[in-house]
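As written in Swiss-Prot, here are the features:
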- 1-130: topological domain 'Cytoplasmic' (TOPO_DOM)
- 1-13: compositional bias 'Polar residues' (COMPBIAS)
- 1-30: region 'Disordered' (REGION)
- 14-27: compositional bias 'Low complexity' (COMPBIAS)
- 39-80: zinc finger (ZN_FING)
- 90-123: region 'Disordered' (REGION)
- 131-151: transmembrane segment (TRANSMEM)
- 152-171: topological domain 'Mitochondrial intermembrane' (TOPO_DOM)
- 172-192: transmembrane segment (TRANSMEM)
Amino acid sequence: MASKGPSASASTENSNAGGPSGSSNGTGESGGQDSTFECNICLDTAKDAVISLCGHLFCWPCLHQWLETRPNRQVCPVCKAGISRDKVIPLYGRGSTGQQDPREKTPPRPQGQRPEPENRGGFQGFGFGDGGFQMSFGIGAFPFGIFATAFNINDGRPPPAVPGTPQYVDEQFLSRLFLFVALVIMFWLLIA
């Protein structure tokens, strides 16, 4: 019993050596002014700290951005429990400048801007979706395009080009080129 006395007094002296916060490095659990909380998203000191119902601490700007980027599936970034704006609790402590709810001052969302696509005339090559190029596949005696009807892409044909335009000239060139290739293949099959 007597041997426990000196060690107990030594530990009391060590805990009081850090000053009024109760810790020598300022990060103790005693709740000193130097103690900080870390956000579980940015891993920095939590600014406008909020705590989820599952017990995880976040900066409100970080959590707000997390929730805005996943509007259909709002889960806790740590444990994947359900989370929303209403399921977080603002955390106030010593040294906080204002007692305003951090959920009320959400960062402003930037306005979406959609520039109009530039209209490029003429044949754009074989880039799918770029120049209106479309392929239709058929099997044997069914050239109407089984794949096109199965995937519901058969109605996306652009109107025919107006004669005299560069697009019309390109289409005629490709038509003649494919006809020539088909004739060469048929001739090769006949002589083989």
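Placement of Cβ uses the backbone N, Cα and C atoms for every residue, glycine included.
With DSSP states grouped into helix (H, G, I), strand (E, B) and coil, the zinc finger (39-80) comes out at 10 helix, 9 strand, 23 coil.
The average pLDDT computed for the zinc finger (39-80) is 85.
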